[in-house]
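What Swiss-Prot says about this one:
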{"type": "ACT_SITE", "residues": "Cys132", "note": "active site, acyl-thioester intermediate"}
{"type": "ACT_SITE", "residues": "His244", "note": "active site, proton acceptor"}
{"type": "BINDING", "residues": "Thr13, Gly14, Asn15, Val16, Asn41, Ser42, Ser162, Gly163, Pro187, Asn317", "note": "NADP(+) binding site"}
{"type": "BINDING", "residues": "Arg101, Lys216", "note": "phosphate binding site"}
{"type": "BINDING", "residues": "Gln159, Arg237", "note": "substrate binding site"}
Amino acid sequence: MTKKYNIAVIGATGNVGRETLNILAERHFPINKIYAIASDNSLGREVRFGEKILHINSIKIFNFHDIEIAFFCAGSNVSKEFIPKATSCNCIVIDKTSLFRADNQVPLIVPEVNLSTLKEFNTKNIIANPNCIVIPLVVVLKPLDNEIKIKRVVISTYQSVSGAGKAGMDELYNQTKSKYVFRENNPKKFPKQIAFNLFPYIGDLNKDGYTSEETKIAFELNKIMGNHFKTSVTSVRVPVFIGHAISVNIEFSDKIYAKDVEEILQDADGIVTISNNNGLAYISPIEVVGEDAVYVSRIRNDLSKDNTINLWITCDNLRKGAALNSVQIAEALINNYL
């Protein structure tokens, strides 16, 4: 008989929390009891779990004593305050914030890439879910690096407003609506107007001129892949509700052609490749909403530099970029260690 687990989803009313509940139900995760948890501001609200309706529990008074796996989908401040309470009850935490990603005692996991490091979870009973850009990036880069070592990667990201939470989506919606009725709607969540606009600024600005998002992406990429190639990142916020896109320029240590890259990625887990057969052979963010795969298109040789490939990645940032990856971690956890 399959063992069933007691599960808690913290931040259950947010974008990633709701998607986590959806995916747990879709994939028939073996659940005994499931709890939807959020701040007191969400008390009285309900969320769906498959055909069931869950009432919100307050994080302030929730007892993790009987919980075996907890998905933390709220902000870093919530994780900082409540993850120690969860782990003190022998609960295993899968944290989707950036709080523990740089901790050498906490594995940073993308199941298609570095599942072997999952065994290190029991040092702190915490597993970190990577950044929503890093997940699709390493899914694509790892199988290529396995074939021919990568020397350098130049990354430009085009990140939807859902990466900034429900408040980001609301701001894009309200600003767009206001523009059509000639009404002012000043930025609150973002530093500048996001409707009909984009800006190369996500997070805070560091002294070196890079933003905190760009620094996180470079750090996490090297932690997962191994620090053997150089990385340059520019992160752009775009007026798209859901779906991230990434333009990637990859320099390899030896000769490689676009057809080689396409063949390697066709055999890789979690990837759908689109051949350059016609003018519409590319995938845009809106086309990947609700999809689990990482899509790769516009694969081509860089005409300005030898041994270098350009390609275009698109991914649903709420699914594989966040919720799906964490559920896949939990599935690997129960199949191999619990």
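Glycine is treated like the rest: Cβ placed from N, Cα and C.
Given the structure is predicted, the values throughout are model-derived calculations rather than measurements.
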Those binding-site residues, out of Asn41, Arg101, Ser162, Pro187, that come within 10 angstroms of Cys132 (active site, acyl-thioester intermediate) at the Cα: none
Collapsed DSSP category at Asn15 (NADP(+) binding site): helix
Separation of alpha carbons, His244 (active site, proton acceptor) and Arg237 (substrate binding site) (Å): 9
Site extent for NADP(+), whole Å (max Cα pair distance, Thr13, Gly14, Asn15, Val16, Asn41, Ser42, Ser162, Gly163, Pro187, Asn317): 25
Least surrounded among the binding-site residues, given as Thr13, Asn15, Asn41, Ser162, when other CB atoms within 10 Å are counted: Asn41
Cα proximity to Asn15 (NADP(+) binding site), best match among recorded positions Arg101, Lys216, His244: His244
Inter-residue C-alpha distance, Thr13 (NADP(+) binding site) and the residue listed as 'active site, proton acceptor' (nearest angstrom): 21
Distance, Arg101 (phosphate binding site) to Pro187 (NADP(+) binding site) (CA atoms, angstrom): 30
Assigned element (helix, strand, coil) containing Pro187 (NADP(+) binding site), judged by DSSP: coil
Rounded to the nearest Å - Cα separation of Arg101 (phosphate binding site) and Asn41 (NADP(+) binding site): 28
